[in-house]
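S.K.: Below: one structure in structure tokens.
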Amino acid sequence: MQHKLLINGELVSGEGEKQPVYNPATGDVLLEIAEASAEQVDAAVRAADAAFAEWGQTTPKARAECLLKLADVIEENGQVFAELESRNCGKPLHSAFNDEIPAIVDVFRFFAGAARCLNGLAAGEYLEGHTSMIRRDPLGVVASIAPWNYPLMMAAWKLAPALAAGNCVVLKPSEITPLTALKLAELAKDIFPAGVINVLFGRGKTVGDPLTGHPKVRMVSLTGSIATGEHIISHTAPSIKRTHMELGGKAPVIVFDDADIEAVVEGVRTFGYYNAGQDCTAACRIYAQKGIYDTLVEKLGAAVATLKSGAPDDESTELGPLSSLAHLEHVSKAVEEAKGTGHIKVITGGEKRKGNGYYYAPTLLAGALQDDAIVQKEVFGPVVSVTAFDNEEQVVNWANDSQYGLASSVWTKDVGRAHRVSARLQYGCTWVNTHFMLVSEMPHGGQKLSGYGKDMSLYGLEDYTVVRHVMVKH
């Protein structure tokens, strides 16, 4: 397993403290990796800053060609990446290979094309004898912090638009799940000029803080928790860096009486529990109108009970383990608190799985109330709650009564209602009669404490640029 850092085009061993990397399916240590030292963090940023002088002036065509080459080598090494992701994260191998690798490749190919379509506004003479034009230029060095739930996917979301826009990047994957990012570094070093991509390993305090606080870093992009986002925003405030934050969610799933219940059940069984529920857009907070509440709870409970947890390399496995022991305890505590309310009923699941690994049973909780913690706080596990509602006005208010604002869905056969409700929901994305679907061409990002800035799409590319006005006297 590739365990070296990428700094200025060279693979080097970390010079800091060694940290264990676990297999969550067994709890065993896969290997130990040495963190980057403070000097290595500084060297990576300075290498990126030096490389920016040339990379920032390359043509969109040249940048696109590099991104396309990277997409090709990821595709060629898809099985290797899927196996690493499965071992390090506990994902079912078939899901990593069939679902995630193609999407990751597509992200790089999309931004390769988008790089050649990013234009400033060619303006005119707004002052006599002067011509104005608008440019969109890269910022410089971008520090990208990727999470542990989709390590390679999130690395792609951060690297592709930043590089396409002409920036240089220092990427820090989560210390829990670094293996695919380090493998990506090995392949990328022969495609991009030295210093354009740098990949470090380490914890937030030892590597993340000196990286994001470095005076030569001009932008920080994070996918992570609200607490981490708050810390980075505060930590970078003295240097007035641009920040790009995706900080989780608690997606409301609004099911009206006229919805296709079978479609809802099938959808939530998939969209609520994919990746063991470790997804910020997971369909985890169901609001069911009272006319169909009992039927939905009964049918969904039966469907969720058929989900198969198991070994990641088993083709029949639908849910793998959670990513760490600490996160398993977090999910278990949230469910135990829900049980303790007295009014929430466990329809299925509700406990850790016996044996090795960090497994939690797929869980459905009914009878949850709007103010319950299980409704208001992100669990980030295979746990879905169901709350009954009376009418459209009530459910829109309840759905918006949340600190999160990332994703939502509305299930109804009434087209007018679908439009009305979608227009009022305070979420970055609203799906109608589906959930969870993402494409490279459309933006992904939130509101409120879910953060700001967009991933994917041309909007995501623009986030990694600065708008400049150039005026020429003639």
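Cβ atoms are placed via backbone N, Cα and C, with glycine included.
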S.K.: Check Swiss-Prot for me: it has Ala146, Pro147, Trp148, Lys172, Pro173, Ser174, Glu175, Asp209, Ser225, Ile226, Ala227, Thr228 binding NAD(+), so pick out which one of Cys117, Cys280 it puts in that same site.
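M.R.: Given Ala146, Pro147, Trp148, Lys172, Pro173, Ser174, Glu175, Asp209, Ser225, Ile226, Ala227, Thr228 bind NAD(+) in Swiss-Prot, the matching entry from Cys117, Cys280 is Cys280.
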S.K.: About how far apart, in whole Å, are the alpha carbons (Cα) of Ser225 (NAD(+) binding site) and Glu246 (active site)?
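M.R.: Checking the Cα atoms of Ser225 (NAD(+) binding site) and Glu246 (active site) gives a distance of 8 Å.
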S.K.: Check Ala146 (NAD(+) binding site) against DSSP and tell me helix, strand or coil, would you?
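M.R.: The three-state answer is coil.
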S.K.: Of Ala146, Pro173, Ala227, Glu246, Cys280, the recorded positions given in the record, which has the fewest other CB atoms within 10 A of its CB?
M.R.: Ala227
S.K.: Determine, to the nearest whole angstrom, how far the Cα atom of Ala146 (NAD(+) binding site) is from the Cα atom of Glu246 (active site).
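M.R.: Checking the Cα atoms of Ala146 (NAD(+) binding site) and Glu246 (active site) gives a distance of 10 Å.
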S.K.: Tell me the Cβ contacts of Trp148 (NAD(+) binding site) under 8 Å, same chain only and six or more apart in sequence, or just say none.
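M.R.: Sequence-distant Cβ neighbours: Cys89, Ser174, Ile176, Thr177, Ser323, Ser324.
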S.K.: On a count of neighbouring CB atoms within 10 A, which of the binding-site residues Glu175, Ser225 is highest?
M.R.: Glu175
S.K.: Per the record, NAD(+) is bound by Ala146, Pro147, Trp148, Lys172, Pro173, Ser174, Glu175, Asp209, Ser225, Ile226, Ala227, Thr228, Cys280: how many Å separate the farthest pair of Cα atoms?
M.R.: 24
S.K.: Using DSSP and collapsing to three states, where does Glu246 (active site) fall: helix, strand or coil?
M.R.: strand
